[in-house]
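Chemist: This is the structure I have questions about; it appears just below.
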Amino acid sequence: MSGFPEFDYRNNELFVESVSLKQIAREFGTPCYVYSRAALTKAYQAFDAAFANREHLICYAVKANSNIAILNLFARLGSGFDIVSGGELQRVIKAGGDPGKTVFSGVGKHVDEMRMALNANILCFNVESEAELIVLNQIAKDMGKIAPVSLRVNPDVDAKTHPYISTGLKENKFGVPASVAERIYQSTQQYPHIRFTGLDCHIGSQLTELEPFLQASHKMLNLLETLQSQGLSIEHLDLGGGLGIRYTDETPPSIKDYVSALCAGTRTVKQRLLIEPGRSLVGNSGILLTRVEYLKHTSARDFAIVDAAMNDLMRPALYDAYHAILPVQQNASEARNYQVVGPVCETGDFLGHDRKLSLNDGDFLAVMSAGAYGMSMSSNYNTRPRAAEIMVDHDQIHIIRQRETIDQLMADERVLPQ
Ligand SMILES: *Cc1c(COP(=O)(O)O)cnc(C)c1O
């Protein structure tokens, strides 16, 4: 057992659904990302089913993995989207997603992005400051439109996660304090081109406990009740994303328990509930497949130098994040304690430290839980073309993004004329 659904061993060889990862590596080359359609579908359906009869909209957070095949898959399942740029909006539209089910988050929306989103008639702008609200009101006025808005409230709760992905503390750059939100909602006449339709929060990512979510939703509920008592009509309550996944020994709540707790905590709310899950929909539905280039044994360490690097999967270098690394072919010979590193010229270029593996040159490894914030955070550092992406559906293999070429990387560069 690998411990990762849809990625499992058959006769000591790692498969995704009914396809051998060795076959994918040989046919399409490495490094490449491999996703399971069944895993993606099951994760979405777990969210959807847990809402039971509650009116709801799941807005997949596009930044976790923005490949249009993945967006299209979720759109077909009925998903909405949470975007953080105009580029992500264009991806949603290209993938057949519904702008009318799309919310637009982010502290620094550019006026061009606001115009694009107003033209597309998105569901809602999650506005993160008064300054942004003033600009949005003006843009909507110029376009003869009314902009639907949720204020993103910063509920000041500790998400107890990595500081880089904690967003709901008052010292973070995100959202406005509840007191400011209350004052803005009381002065809606100052914003004639804004329609205040919702209330929103998002406290961070990779949360492994329910408590911070419940604290935040409690604070949102209080604010909602205050606003309603003042006669404001709110159409939806958006509780953000952030549910964690298991990378190694974390024990995050299940999707079902998480949604049930949110529903229970907001029992008295008549409005539609929105959530913005990213990682928990895609994280454990994808892996990064890589090949061992060289084994290097020094007096201090044993290194497995692989063909994937920090430009392909940035999370270990950026957050010191842990990803399980599994051999595609299990073998019984003696294991060593490997530093699994990439070819990039930085000591921070590692995929895993101190991994007990039995390896030979040319072996393939699967870096697990790489479906979220993997490809979407990748770069071309060291002029490395970005990896191919593959989606497996039962016994079918679909290439959903070709490997980049070096020519593509240099296509827009120019030398000086003299
Ligand atoms: C990143 C983000 C999400 C998704 O977070 P996950 O931890 O991937 O679920 C949701 N909402 C907003 C506003 C975000 O910035």
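Cβ from N, Cα, C; glycine included.
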Chemist: Looking at substrate binding as recorded in TrEMBL, which candidate out of Arg267, Arg272, Arg279, Arg414 goes with Arg315, Tyr319, Glu346, Tyr373?
Modeler: Arg279
Chemist: Going by TrEMBL, Glu276, Pro277, Gly278, Arg279, Tyr373 bind pyridoxal 5'-phosphate; tell me which of Gly242, Gly342, Gly348, Gly352 is listed for that site too.
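Modeler: Only hit among Gly242, Gly342, Gly348, Gly352 in TrEMBL's pyridoxal 5'-phosphate site, alongside Glu276, Pro277, Gly278, Arg279, Tyr373: Gly242.
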Chemist: Consider only the recorded positions Gly242, Glu276, Cys345: which of them have a Cβ under 6 Å from an atom of ligand 1? Write none if no residue does.
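Modeler: Among the recorded positions listed, those whose Cβ sits under 6 Å from ligand 1 are Gly242, Glu276.
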Chemist: If I take the Cα of Pro277 (pyridoxal 5'-phosphate binding site) as reference, which of the recorded positions Lys63, Arg315, Tyr319, Cys345 has the closest Cα?
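Modeler: In terms of Cα distance, Pro277 (pyridoxal 5'-phosphate binding site) lies closest to Lys63.
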Chemist: Given a separation of at least six residues and a C-beta threshold under 8 Å, show me what packs close to Tyr319 (substrate binding site) in the same chain.
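Modeler: Correct list: His162, Tyr164, Ile165.
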Chemist: Determine, from DSSP, whether Tyr373 (pyridoxal 5'-phosphate binding site) sits in helix, strand or coil.
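Modeler: Looking at the DSSP assignment, Tyr373 (pyridoxal 5'-phosphate binding site) belongs to neither helix nor strand, so coil.
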Chemist: Give the maximum pairwise CA distance in Å, whole number, for the residues Gly242, Glu276, Pro277, Gly278, Arg279, Tyr373 listed as binding pyridoxal 5'-phosphate.
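Modeler: Roughly 15 Å, rounded to the nearest whole number.
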Chemist: Hey, of Lys63, Cys345, Glu346, which of those recorded positions are within 10 Å of Tyr373 (pyridoxal 5'-phosphate binding site), Cα to Cα?
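Modeler: If one measures from the Cα of Tyr373 (pyridoxal 5'-phosphate binding site), the recorded positions that come within 10 Å are Lys63.
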Chemist: Give the helix, strand or coil assignment DSSP yields for Glu346 (substrate binding site).
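Modeler: Reduced to three states, the DSSP call for Glu346 (substrate binding site) is coil.
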